[in-house]
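Reading through the structure tokens given below for one structure.
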Amino acid sequence: MRILSWNINGVRTLPQYHPWNTFTSFQGILEHLKADIICFQEMKTSRSSLSRCVALPEDFEAFFSFPQNKGGYSGVAVYANSRTVIPLRAEEGLSGILQPKPPLTSDDRISCSYPCTHEIELMPDEHGSTPSDFAALDAEGRALIVDFGLFVLINVYCPNETSDARLPFKINFHVMLQDRVQKLMNEGREVVVVGDINVCATPLDHCDGHLASNTATFYDHPARAWFHRWLSPIGCMTDAVRTFWPGRKAMYTCWNTKISARETNYGTRVDYILVTPGMLPWIKHGDIQPSLKGSDHCPIYIDLHDEITTDAGERLFLRDVLPINGNREDLPRLAARRWEEYSGKQKLLSMFFEKGNKLHPPSNSPLSSLSPTPDTQLPRDHSGTAQPDHTQSAIVIPPSNPSLSSRNSACASTSQPPEPSLQSNPSPSRQTTLPASSTKRKPSDNAAKKAPKKLKGGQSKLSSFFAQPTVSHPCSQEISPSDVTDYQDYIDSDHQLALELAASLENPLSQGLATSATPSASQSKAAWSQLMAPIQPPNCLVHGEPAKEHTVNKPGLNKGKTFFLCSRSVGPGYDKGKSERLREEVDHRYRCNFFKWGNDARREAKDKFSAS
């Protein structure tokens, strides 16, 4: 039997990666993982948006915990292969506060005692207040407890320390988890804790743990100090995977994808499978699976023996101590198969819009199968084919004609063909038909002959950038003061850079319109080529190599702006900056701290071109 844990970072995003995008159902994804008990963290969905194929895989029983207030955030799930094991009981959360309706009976509960705030020491928040209950800690959908007879499985997604204010929440969740495990052990139960703990156990589990500045103060962090005390030999929990790889380096399970840290295995090990002492004889092997992509984490797993021999010489078979031949009708109440929306008793709005009134039609796309069924569709005929609404009228909108330049009309006697007249009627073949409301209305004649919108001051027409300069035309008239004003407005337009570039090539327009000579074709081509050419990336100062362009995606004033960083990959000892990395610990084989905004790079390239 295999128990697998994986932080998938969103159940909707997983099928977008290979090999998960090759499967036509979520059942295929579960089968590919080749595990009997599969534990996911960061589902990032809600019960209302969960599709049927995710909630009810054909050969798996599913259990979920969703955040109560934040949609698309956190969330954990446990899938049990019904062909090999059937869960006995299941609970949501660690405190026992989260209960279905009606609440669980004593027979449905996994244990009879739960953590109490007055029995454990909690960390006060930034205001000095200590939580009076665990309601807030259990409200983010971070824990599931499932009873498999031989052991009690706890699937957790522990909080991350996103800020100093979040540290008390993180520590208190850890303490609540530890107390729940201890109470289960006091009742004689063996416990398996799996999931994303969001803590590095030892310096060996951190990419920069070998640096002297980190080794000396590694356990000063409260979360690391707590984890160190909970693990053996000090505590009761054993890191099952590490027992098979005691000195293995770079056994990381999480990487920062924003800096492409996975390429050089610059990561951390924050995903664990922890077991109580009584489960150690059953564990056959454990490892990580970094080759499986689709998330910023990778799966971890342990395998169990089919049989063991106790100290008393008794042979125990796994099939005898696990509930294998269970009945699906006796599933725990928390199982998704027992939800009202999947029992056939509760009708959904989407049922009235689906072909054949089926609850969820089959889909050939894994992406569409993971999305909730739409509540509205087009009206359908008796065969189920979507039909447009023919009761609507149509509005005929003629395309608008470009305005006629006065200068072009003055040169109609030249060899150039005249532009189309403003009063010419549009061709019927170019008319566009759009659906309108059910009230039939004919477009007014005024709308069809609407005059073009007047240009604002300083605004130029697009056609002006492709026309020959007026001063160079044989039929050109004498330049008036208004021409100079129009040209000044043109200077103030968004194409100021183009004119400055033309000025560097001695364009007569940029010299006060004093001459009628025009730039040569080669000069114009060079000017526009330089203007439209992509920016040549600057070289980083340490390695002298072209930098790599990035774009700011974080909301704020700089969103959408580009910047350049050193193109080398990150690695142990890469230069994070003087404030975050000691100079003697910098390894110049990896990324340096070069940074330059894209606007600065453009300005430097323009100055260099003008100087040449």
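Positions of Cβ are set from backbone N, Cα and C atoms, glycine also.
Annotated features, as they stand in TrEMBL:
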ACT_SITE  TYR157  active site
ACT_SITE  HIS297  active site, proton acceptor
BINDING   ASN7, GLU42, ASP196, ASN198, ASP296, HIS297  Mg(2+) binding site
COMPBIAS  361-374  compositional bias 'Low complexity'
COMPBIAS  384-394  compositional bias 'Polar residues'
COMPBIAS  410-438  compositional bias 'Polar residues'
DOMAIN    540-601  domain 'GRF-type'
SITE      ASN198  site 'Transition state stabilizer'
SITE      HIS297  site 'Interaction with DNA substrate'
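Ranked by how many other Cβ atoms sit within 10 Å of their Cβ, the binding-site residues GLU42, ASP196 place GLU42 at the bottom. Taken as a whole, the domain 'GRF-type' (540-601) shows an average pLDDT of 91 in this prediction. Shown are the recorded positions TYR157, ASP296, HIS297; of these, the residue with the fewest other Cβ atoms within 10 Å is ASP296. Taking DSSP states H, G and I as helix and E and B as strand, the domain 'GRF-type' (540-601) has 7 helix, 12 strand, 43 coil.
In sequence order, ASN9, GLN41, TYR157, CYS254, VAL270, ASP271, SER295 are the same-chain residues whose CB sits within 8 A of the CB centroid of ASN7, GLU42, ASP196, ASN198, ASP296, HIS297, the residues recorded for Mg(2+) being left out.
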